Structure formats: C-alpha cells, structure tokens
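Peer 1: The structure follows.
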Amino acid sequence: MAEGIPLKRQTVYSLIVGIFGCGTALVGLPELRSVNIWFFIVMLALACLVEAMPVPLRLGSASLTPAVLFSYVALDGREEAMLCAIAAAFVPAMRRHWDLETVFFNAGQYALSTFAMWWVLRQLVSLPLIRIDALAVGALLLSAAVFLVVNHAFVQIIQWLRGTLLWSAVWAALVTDLINLALCIPFALLVVMLDSTSAWLAPIMVLPLLMLAYMLRSHRQAMDLQEIHECLANLATEFDMRQIALEAAHLARRMTLADCVAVFVIDGRGCLVPAAVYPRSYEAEFSMEGWPESEGGVIWKTIHQRDHVIVPDVRKDSRVRFLGETPTFLSMAIFPMHAHQKAHGAIVCYAKRPKAFNHMHEYMDALANQVSVLLENAKLYQELQDRSFRDEATGLLNYRYFYEELSRRVQVSLRENRPVSVLIVDVDFFKRFNDTYGHLAGDVVLREVGRILERHAAPDGVAARYGGEEFAVLLWASAREAYEIAEAIRQDVSKLAVDFEGYHLQGITVSIGMATCPDHSESDRDLLVKADSAMYWGAKQRGRNRTAMYAPEFDTQLFVDPLTSLYTHHFVNIRVRDEMAHGTTCWGVICLDLVRFSEVNAAYGFEAGDEVLRQAGVVIRQVLRHSELACRYGGDEMLIIIPNVSELELAGICRRVTRAIEQHPFHVGENTLSVRVACGMEVYDVVQDGADLFNRIEELFARLHAPLHVSEPESPSHSV
C-alpha cells in the first residue's frame with residue numbers, strides 16, 4: 001500500500017501538468033487564423049523531424065527541438081511555439097515504449113516551459129524581435145535559461161514524487177541541456193534575422209539543424225560501435241566466464257545508463273544464475289542459487305522468444321518476480337543471449353525509476369549475441385581445461401591442479417591468517433590387491449575411494465589423485481579439524497565394499513598423513529613433504545590403516561636412508577612428482593644391483609654386508625652431480641634418476657658410477673672386497689606421471705634380475 005502512494009501522486013501530478021499545459025496551448029487555437037499557415041506547417045514538421053532524431057550524449061540524449069521553439073517565441077509566436085512543442089512531444093510515442101501518461105506529461109511541461117520563456121522574453125524586449133543586438137541576444141539567453149529551469153523543475157518534481165531524486169543526476173541533466181541550448185540558440189537567431197527579410201527562407205535555416213543532429217547522431221553511433229568493438233576485441237582472448245560477464249555488464253550499463261546490470265547464464269543444471277552483477281554493491285539483490293525454467297519469469301520467457309523485452313514498471317507486470325515485498329528496481333530491459341541456435345542467458349538492465357528504458361541503445365541486441373559467443377567459447381575452453389586437470393581413472397583433479405591450488409591457498413593462508421591443511425591418503429596393499437583382482441578392479445576401488453574424498457572435501461576443499469594409489473586433499477581447516485576429517489575418511493573407506501564382476505571387494509584401508517599451514521610450515525612444497533612424511537613414517541610404517549599428524553621426528557626418516565646415506569625412495573618419489581608438476585616429462589633411469597650380494601652376507605655376516613652398502617652409498621654420492629638423484633631402492637638395489645637427459649649422457653653417467661663402485665676397495669674388518677655391479681638404463685621421453693615412471697622402473701629392475709643379467713657378472717672376489 002505504501003508503495004502505491006508515490007505512484008498515485010506521480011500519476012495525478014502528470015495529469016495536472018499535461019491538462020494545464022495542453023489546455024493553455026489549445027485556448028489560443030483561434031489565433032492561428034491570423035498566422036502564416038505555410039510557415040507554421042513547415043516549422044511544425046521541422047520540430048517533429050528534429051525530435052525524431054535525438055542526439056545521443058554520454059548521460060542521455062538531447063533534442064534540438066528548442067531551436068524551433070525559441071525561433072517562434074522570438075517572433076512572438078507563443079501559440080505556434082506551444083503547439084509545436086506539444087506535437088514534438090508526441091513523436092517519441094511512435095517509436096519508443098512510452099505510455100500515454102508520460103507523453104501527456106511531456107507535452108504539458110513542454111508547452112508550459114515555452115509559455116514561461118515567452119512571458120519572460122516579452123517583459124525584457126519588444127516582440128517580435130526585429131533587430132538582433134546585444135540586448136536582444138541577452139534577453140533571448142535569459143529567457144532560454146528560464147525555459148531550461150522550468151522544464152527541469154517539472155521533471156525533477158516527478159522524480160521527487162517517485163522517490164528517485166538524485167542531485168548528481170540533476171546536475172548531469174543540466175549540463176547536457178546547457179550544451180543543447182548552446183547549439184539551438186544560434187539557429188534561432190538566424191531564423192529571426194531571415195524572417196525580417198523573407199519569411200519563406202527563414203525555416204530553411206532549421207534544415208542545417210537537421211543535418212547537425214544527423215551528424216552528431218552518426219558520430220555518437222560510430223563512437224559506440226568503436227567502444228563495443230574494442231571491448232569485444234579485448235575479451236576475445238579472455239576465457240574467464242565471470243570476467244567476460246563483468247565486462248559486458250559494465251559496458252551495458254554505460255550504454256543504457258542503467259542503475260544496475262546483471263548478466264545471467266544458464267548453468268549445467270538448467271538454471272539461470274547471475275554470472276556478474278555491476279555494480280557489485282547490488283549483488284545482494286539477486287539469488288546466486290539461480291532459478292530453473294519451471295519457475296517461469298519474464299527473463300526465461302524473453303530468452304525463448306529471442307527478442308528483447310522492455311518492462312516499464314515491474315509492479316504492473318505479473319511476469320516479473322523479485323525478492324521481498326517491494327522491488328528495488330522499478331523498470332528493466334532484457335536482452336537474450338543466443339549463439340549457434342542455443343540459448344546462453346540474458347543481459348538484464350535495471351533502473352530504480354519506472355519507464356527508464358524508453359529509448360534503448362540500438363546495439364544492445366548485437367552486444368548480447370556477441371557476448372553469448374564469447375561465453376560459449378569460454379565455456380568450451382574451461383571444459384577442455386577441466387579435462388586437462390582431471391584424472392581419467394577417478395574423475396578427480398590431478399596433481400598439476402593440486403600443486404597450483406596448494407600454492408594459491410598457502411599464500412591466502414599466510415595473508416589472511418587462515419589455516420589450510422594437506423592430507424596425503426595412500427591405499428594400503430594396493431599392489432597386492434591389484435595383482436589379485438586385476439587393474440580394472442583396482443580402478444573401480446580408486447574411483448570409490450575418490451568419491452569418499454570428494455564428499456569429505458566439499459564444499460570448499462580439493463580432492464586430487466596424487467599418483468598411483470595416493471590421493472591428496474586440501475582443506476580450509478585447522479590441524480585438529482583436519483585430523484577429524486581424516487579420521488572420518490579412514491573410517492568410511494574401511495567400511496567400503498565394492499562389487500566387481502562377481503567379486504565382493506572389502507577390507508580396503510588407507511593410511512593418511514597430514515600437515516597444516518602455518519602450524520607445521522609456511523611453504524607449500526615443505527607442507528606437502530611433511531604431510532607425505534607423516535603418511536609414510538607416521539601411518540604406513542606403524543601398521544597402516546591409521547592417521548598421523550606431522551611431527552619433526554619424521555623428517556630425517558623421510559629424506560635419508562640411514563644405512564647408505566642416499567635419499568629414500570619415498571623422497572625421490574616426491575621430487576619426481578614436483579618436477580613433473582613443472583612440466584618435466586623426459587627422464588633417464590639407471591638401475592644398479594650389487595651382484596651376488598647375498599654371498600657376502602653368507603660369507604662375512606650381515607654386519608659386513610651393511611658396511612659394503614654403506615661404502616657403496618658413499619661412492620655413489622661422490623661421483624654424482626647435483627641434478628642426479630640417487631636412492632636406495634631396496635636391499636642391495638640402487639636407483640639413479642636424471643631429468644631431461646640424452647641416451648649418450650645417461651650411458652656416460654652409468655659408466656662413471658659402475659666403474660667407481662667396481663674399482664673401489666671395500667674394507668670390511670680385516671678383509672678387502674671387490675664388488676661387481678649389474679646395470680640397466682633407459683631414457684623415457686614421455687612420462688605421464690610419477691606412477692607411470694615408477695612402474696617402468698619396476699619393469700627395468702625385473703629385466704635386470706633376469707638370468708641373462710645375473711649370469712654375466714663374476715662372483716665377488718676377496719683378499720685377506
């Protein structure tokens with residue numbers, strides 16, 4: 001009820017102004033019998049033509065019609081000027097979405113403003129003007145200012161009654177009209193000057209006004225086209241849908257002078273969702289959940305009819321749905337977005353006043369369709385990008401995405417003092433399980449474990465496949481909260497049962513390690529290493545099927561093998577994945593095996609065997625360079641991995657290492673032993689991930705242990 005009171009006041013006020021203004025003009029109709037009818041008809045036609053070609057300005061559009069009105073007023077043609085003003089006011093109704101109330105009000109206020117100008121000018125000088133001198137020009141300028149003030153007074157009163165009076169808008173409109181008057185007055189003076197010599201030629205001076213209006217209109221259209229073209233050209237290389245929508249909303253607001261613009265897109269659920277709202281201060285006015293087509297609404301209907309729709313007053317349109325009891329915006333313009341025969345959404349312009357979009361920018365339909373093409377391209381790009389960040393077997397994000405997101409979140413964590421935790425999840429005995437039931441069954445198990453991780457990571461966490469049977473989870477959570485989530489994951493996995501080709505697979509367990517920023521580290525890589533060490537040494541090496549939080553005691557165990565002082569296999573695994581996350585796909589591998597090492601243990605004891613391994617580790621570390629990673633692979637096996645190496649370079653490294661080991665005298669107690677080495681090497685040019693590389697390494701060691709390789713080396717020799 002309260003919302004309807006301003007509307008009724010506005011209607012009553014509009015009718016009063018319209019009736020009074022038009023009535024004042026019609027009272028003088030009998031006087032037309034004594035005027036030059038031809039002159040009047042020509043001036044009336046010119047007034048309508050000029051009004052039909054408004055000059056678009058940055059903050060609205062200007063009409064050059066006052067040039068005709070000022071000419072008639074200066075010639076003491078009050079009645080003719082008022083009738084020209086009324087006729088010109090009805091022109092927009094023929095091509096814009098204006099109702100009778102608005103047209104009637106404009107006609108009345110135009111007529112009354114013209115009457116006020118005539119009255120003031122008549123008090124200052126004698127009419128009609130015969131001579132154009134300084135006094136006449138000054139009087140005409142002053143009376144034109146009265147026309148401007150009265151005109152704005154009528155308009156701003158109606159804005160005040162609507163509750164939409166903004167002084168910034170008043171000032172902007174005054175500036176626009178001052179520019180307008182500066183163009184009109186010179187033409188009015190020319191008409192007055194010619195009228196004293198030839199009344200037939202006077203109206204011709206208004207024709208250049210038409211040409212000026214056309215030229216200014218064409219210039220503005222060219223500027224608008226250039227602005228749209230530049231904006232679209234800049235967005236052609238943008239693939240962020242939100243950024244595209246935001247730039248489109250910004251441009252649409254400049255073009256239509258809307259208070260707010262929202263770009264709605266149809267998401268994967270088939271719902272209309274605001275992809276961008278400009279200015280962003282109005283975001284609270286829109287539901288970010290969106291709404292499906294089944295709920296209807298004017299935007300959905302406009303999208304289907306494929307043509308723009310203007311809603312002059314949302315309070316009078318049953319198709320419009322808005323949040324709350326009273327709408328924030330009273331008028332709207334909807335431009336559907338279609339590309340390749342497919343609907344993508346709509347650009348919707350909103351204004352706080354009714355009937356704000358009577359004269360729409362003629363390029364908005366084209367802009368909407370071009371933006372829809374950009375959004376479609378961005379959507380396709382994001383789908384391809386998403387595929388490149390997805391693991392095919394599990395559907396989870398892959399380690400490349402995980403590393404990027406980990407780096408970003410650690411930075412946010414440090415900047416906002418917000419804890420972020422990393423979980424490393426490893427499926428226990430997965431290789432044994434894979435060998436028993438097959439790789440397809442293993443993939444099914446990994447997929448089901450991945451779903452559990454995704455469920456616990458939601459809504460703002462990240463679950464990714466880290467490699468092989470390992471997963472990683474990023475959580476906005478403290479150490480305590482992350483530990484509770486990790487325990488919930490572990491318990492859910494232990495209850496998991498998978499049916500696969502007649503097998504009922506159960507008894508699946510996971511080992512989980514976790515670390516938190518900033519509690520355990522402020523570096524993204526270090527945080528990942530510490531979570532990994534907690535998983536390996538805190539959970540896996542202590543019985544599996546458990547959760548472990550990082551502790552400093554895990555560090556040395558993770559990095560260095562205590563016997564050989566070489567890196568651990570687990571540490572090299574981490575380094576390989578880190579390198580691959582930065583684009584390294586070519587790897588050289590050297591597999592070393594101390595030939596018949598078991599005979600050393602049998603002949604001299606296990607302490608002697610340990611001493612040989614210890615010295616072998618020292619020799620290897622001495623001959624390797626910085627980029628060449630060596631680890632104890634297991635037992636008497638050593639592994640060397642080098643990124644981005646050629647076969648020739650790898651062969652040289654292999655010879656260097658084997659020669660150093662075989663030429664080294666191994667002093668064990670009072671004995672000196674010599675050791676032979678079996679060596680296998682391979683360069684893998686294209687490696688998909690860490691799991692792929694270590695699977696190939698396992699196959700290379702298997703070939704190394706084949707009888708062909710074992711029989712070639714001689715048995716260990718010794719001297720006392």
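Glycine is no exception: its Cβ is also placed from the backbone N, Cα and C atoms.
TrEMBL: automatically predicted annotations, no manual curation.
According to TrEMBL, the record shows the following:
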TRANSMEM  12-29  transmembrane segment
TRANSMEM  35-53  transmembrane segment
TRANSMEM  103-121  transmembrane segment
TRANSMEM  133-154  transmembrane segment
TRANSMEM  166-192  transmembrane segment
TRANSMEM  198-216  transmembrane segment
DOMAIN    418-552  domain 'GGDEF'
DOMAIN    585-720  domain 'GGDEF'
Peer 1: Averaged across the domain 'GGDEF' (585-720), what pLDDT does the model get? Just tell me the whole number, please.
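Peer 2: A mean pLDDT of 83 is what the predicted model shows over the domain 'GGDEF' (585-720).
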Peer 1: Residues of the same chain, at least six outside the transmembrane segment (12-29), with any C-beta under 8 angstroms of its C-beta?
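Peer 2: Residues 78-79, 82-83, 85-86, 101-102, 104-105, 107-112, 115, 154, 157-158, 161.
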Peer 1: Please work out the helix, strand and coil residue numbers for the domain 'GGDEF' (585-720) from the DSSP assignment.
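Peer 2: In the domain 'GGDEF' (585-720), the DSSP-based counts are 63 helix, 39 strand, 34 coil.
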Peer 1: Summarise the domain 'GGDEF' (418-552) by DSSP state, stating how many residues are helix, strand and coil.
Peer 2: 62 helix, 37 strand, 36 coil
